[in-house]
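Novice: Have a look at this one.
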């Protein structure tokens with residue numbers, strides 16, 4: 001049996017008396033597309049930080065590729081939320097992607113020919129060749145996110161961690177980025193952990209879902225977890241889940257998470 | 001003072017050939033300092049540390065003033081003050097807002113200490129003024145060697161951490177995720193910055209360090225985006241400012257710093273104008289092959305608008 005790409009054993013995380021989740025056992029396998037859903041403040045981003053080794057667990061153990069997490073790892077590719085670069089950042093699109101290849105190495109870069117070829121391939125792969133030499137500060141959010149994807153895929157990571165990578169992108173770029181991530185997952189065999197508040201843009205790719213809410217969690221396929229019964233019991237109030245033409249609409253989330261409900265309605 | 005007197009005070013090239021050999025060492029040191037300032041400056045801009053440079057310079061001034069007072073080596077005093085300040089700022093101010101308030105607190109304290117030490121100092125008053133505005137205080141061969149040695153150390157150390165420092169400066173979250181020691185690199189860079197500031201102070205003085213560490217890099221960023229080209233231009237600009245400043249100052253009887261700061265400022269203005277023109281033309285180095293044929297086919301009027309449209313049109317993904 002192969003080692004899970006990422007795993008949590010008896011993991012709990014609390015801040016003071018606020019318990020985000022408790023006794024969470026998880027195994028995420030190579031080639032699995034794993035979505036983490038839940039309202040704001042439910043600990044989605046904290047879970048990501050745990051896997052990145054930036055947030056210690058209250059109890060339990062987290063592993064990436066069989067090893068306990070450390071502060072960052074070469075086995076991890078990371079696509080953060082879209083955040084614009086300053087206008088005069090001295091990097092072109094190709095330089096940003098290049099950092100994903102060898103940005104962790106010491107010294108200055110030697111042997112540039114093979115490096116350049118690899119960067120060109122990655123840019124081609126994400127459809128960014130036409131702005132390869134443009135300064136990153138001049139690119140739109142969607143274009144920058146494509147580069148983020150290329151950067152994260154550069155090392156062919158064991159685990160690809162995506163923290164709301166589609167936020168603030170238009171529909172067209174959402175589809176482009178999520179299909180790239182899917183290819184890395186199901187073709188190249190990376191495990192994908194995809195934190196999002198909106199499952200629909202990735203619904204056709206998701207293998208399993210972790211839903212976090214109210215200090216509880218549920219793990220399973222989208223069909224098992226995203227149901228009226230499960231979500232109503234997690235939120236402790238009636239929540240209606242409607243499956244329609246392959247999309248999932250959640251209606252009637254409690255006030256505490258009103259923001260989340262708004263966004264769901266808007267995008268549905 | 002009439003205009004001619006003023007002119008000969010600022011520019012005077014009599015006996016130039018005899019004077020030149022006397023400053024050979026200064027020119028070498030100046031070139032090396034330009035190299036350091038230009039390289040460090042690029043990271044200062046990327047990490048948004050301009051204010052920190054100013055803060056470090058004031059504490060470096062306090063250190064130098066203290067050394068002057070007790071009769072110690074001024075360069076050592078300057079280095080000590082500078083490194084202490086830089087490391088404190090690096091340790092306490094990881095977030096920009098914290099950092100700026102810490103600098104704001106530390107800087108006037110350092111300047112105050114410096115003024116205290118200088119007012120207690122009984123020696124030549126030219127020495128006092130030199131620390132702030134850069135009349136090199138009795139630089140002998142020993143001190144020049146010290147300056148050059150420290151500069152070489154900064155350059156070698158910077159080259160050793162170049163790639164991860166670039167990653168950590170431009171993209172700290174992803175760098176951290178990939179296992180780059182972002183926090184440690186930040187402290188290491190502050191240490192090198194402290195050294196670079198202390199060295200630059202010997203040439204342009206505490207008040208004008210920014211002209212050597214910020215202005216050349218800021219100018220380079222206006223006209224280039226390729227990391228190698230930015231560093232190259234920044235170094236060339238900084239070297240031109242220092243070496244040019246020393247050469248112009250040779251005959252006149254005012255300190256070299258006004259020359260250095262003026263050259264570096266003029267370079268910045270020129271770069272800003274060039275960069276601004278380029279921005280307005282919309283030349284952002286994209287290849288236009290994705291432009292739909294209809295735009296190009298609607299006549300000459302559409303051609304001039306094409307760069308603007310290219311940016312707003314939706315992109316069709318390949319494959």
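Just so you know, the numbers here start at 1 and follow the chain as drawn.
A Cβ is built for glycine as well, from the same backbone N, Cα and C atoms used for every other residue.
In TrEMBL, annotation is done automatically, which means it is predicted and not curated.
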Novice: Quick one: sort out which of B:59-89, B:276-306 is the transmembrane segment according to TrEMBL.
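Specialist: Feature transmembrane segment in TrEMBL: residues B:59-89.
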Novice: Might you confirm whether the transmembrane segment (B:256-275) is in contact with the transmembrane segment (B:142-165), defined here as three or more C-beta pairs under 8 A between residues 6 or more apart in sequence?
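Specialist: The answer is no, given that the two segments have fewer than 3 Cβ pairs within the 8 Å cut-off.
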Novice: Cβ pairs under 8 Å only, please: of the recorded stretches B:27-47, B:185-217, B:256-275, which one is richest in them relative to the transmembrane segment (B:59-89)?
Specialist: B:185-217
Novice: Six or more residues beyond either end and a Cβ under 8 Å away: which residues meet both conditions relative to the transmembrane segment (B:27-47)?
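Specialist: Here the qualifying positions are 53, 139, 144, 147-148, 151-152, 154-155, 158, 165-166, 169-170, 186, 189, 192-193, 196, 199-200, 202-203, 212-218, 220-221, 230-231, 234-243, 245-247.
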Novice: Restricting to the same chain and to residues at least six past its boundaries, which positions have a Cβ under 8 Å from a Cβ of the transmembrane segment (B:229-250)?
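Specialist: Contacts of the transmembrane segment (B:229-250) (Cβ under 8 Å, skipping residues fewer than 6 from its ends): 11, 13, 16, 19-20, 23, 26-27, 30-31, 33-35, 37-39, 41-42, 203-204, 211-212, 215-217, 219-221, 223, 256-257, 259-261, 263-264, 267.
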